[in-house]
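The feature L-histidine binding site is assigned by TrEMBL to ASP73, LEU74, THR75, ARG100, GLN116, ASP120, ARG269, TYR273, TYR274. The domain 'Aminoacyl-transfer RNA synthetases class-II family profile' annotation in TrEMBL covers 1-359.
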Amino acid sequence: TGQGTRDHPPAQAALRDRLLSAVVSCFKRHGAAAIDTPVLELRETLTGKYGEDTKLIYELQDQGGELLALRYDLTVPFARYLAMNKVTNMKRYHVAKVYRRDNPATTRGRYREFYQCDFDIAGQFDPMIPDAECLKIVHEILSDLQLGDFLIKVNDRRILNGVFAVCGVPESKFMPACSTVDKLDKVPWEEVRNEMVGEKGLSPEAADRIGEYVQLHGGLDLIEQLLQDPKLSQNKLAKEGLGDMKLLFEYLTLFGITGKISFDLSLARGLDYYTGVIFEAVLLHQKNEHVEEPVSVGSVAGGGRYDGLVGMFDPKGRKVPCVGVSIGIERIFSILEQRLKASGEKLRTTETEVLVATPQKHLLAARLTLISELWDARIKAEMLYKKDPKLLKQLQYCEDMGIPLAAIVGEQELADGVVKLRDVATREEVRM
């Protein structure tokens, strides 16, 4: 297959199917409608929306010379859809493949073609109610999939920008500073500081001041502490962000999920379009009992508020506030796949309930008649494509494919007008 892409054999496709249906059923439980958009977007729709990652967009040219691109995520197409159709409120989910011209580290579940599962709420609502629901959804899905311990880190772009402002960063450098801070989960503060000063041109003093803030994490207590902070409390943006963060934590407390949530000032999220709350879920890796801090094994969901994106597509610049979450289904998929391999258990790739079998020769007609009746009764049934297969071979096929039942029709059964139903696992038989 092409570089950075892969085929999915039946076992993988079955696992992916199971995963996606768990995620989709959560989205439906929260009242979202499904939409679909084309894989191809106009190039100008996508460029300039992703910050430093714009270089990863796959560009295409069609015969008429129209400049197209493969969609890079599901959020920008959603914003375009809302603007084009003048939709001002909508709760939608979208599960589809997206494309990134990355140099893929395929070992870590990063590919050039991969699925995204998004849930978004668009519309003018009271603050933090939809945002809280997005976090609840992440919590439900990660609990459902039983991936082990996880942590959802939350921050707000306004708090981060407020921190940059009071630390003496010029506004033109907010975005670059943001994408550097975003690396804090992967590299130590020293390296981040060096990049800020060396590459992004921040003063060493500003970088050190930023360091005092971005290494803080906690809960409501930290929010209160920062609301009292003499420098931050003077900043309008930070104050707004902290006020909303406090509200968010009140709602999350009512949802009963604050145990897995951390207000974390180092969380930045690299994308340019976020304007308010941002969040990211990471799986935690318990190395052993006496580790103080559990280690993260990477992000499995992320999202946030993007109130300006729809306005970028509207000719009149009309804004539609939005908040959403994307479930990192590929990362989760590779984790579950490795677990399945390690456990050695076999995943069924088909859903066949019964194999129609015959113990003697010259009974193909009986099998075809019976299987047709089963199919018409909407029963999932199979038979072997041979005129006279041996019974052992047919039962072996049940074992191999995990088919629970065999419906056996021999001469005796035909004469008596019955079918012998055999439980493949226990070998019990009943005539019916």
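Glycine is treated like the rest: Cβ placed from N, Cα and C.
The 10 Å shell around the Cβ of GLN116 (L-histidine binding site) contains 19 further Cβ atoms across the protein chains shown. Maximum intra-site Cα distance, L-histidine binding residues ASP73, LEU74, THR75, ARG100, GLN116, ASP120, ARG269, TYR273, TYR274: 21 Å. Long-range Cβ contacts of ARG269 (L-histidine binding site) within its own chain (separation 6+, distance under 8 Å): ASP182, ILE278, GLU280, GLY302, GLY304. In sequence order, ARG157, GLY304, ARG305, TYR306 constitute the residues six or more apart from TYR274 (L-histidine binding site) in its chain with CB-CB distances below 8 Å. Mean pLDDT for the domain 'Aminoacyl-transfer RNA synthetases class-II family profile' (1-359) in this predicted model: 89. In the shown protein chains, 19 other C-beta atoms lie within 10 A of the C-beta of ASP73 (L-histidine binding site).
Close to THR75 (L-histidine binding site) in the fold, though at least 6 residues off in sequence, lie ASP118, ASP120, TYR273, TYR306, LEU309, GLY324, SER326, each with a CB less than 8 Å from its CB.
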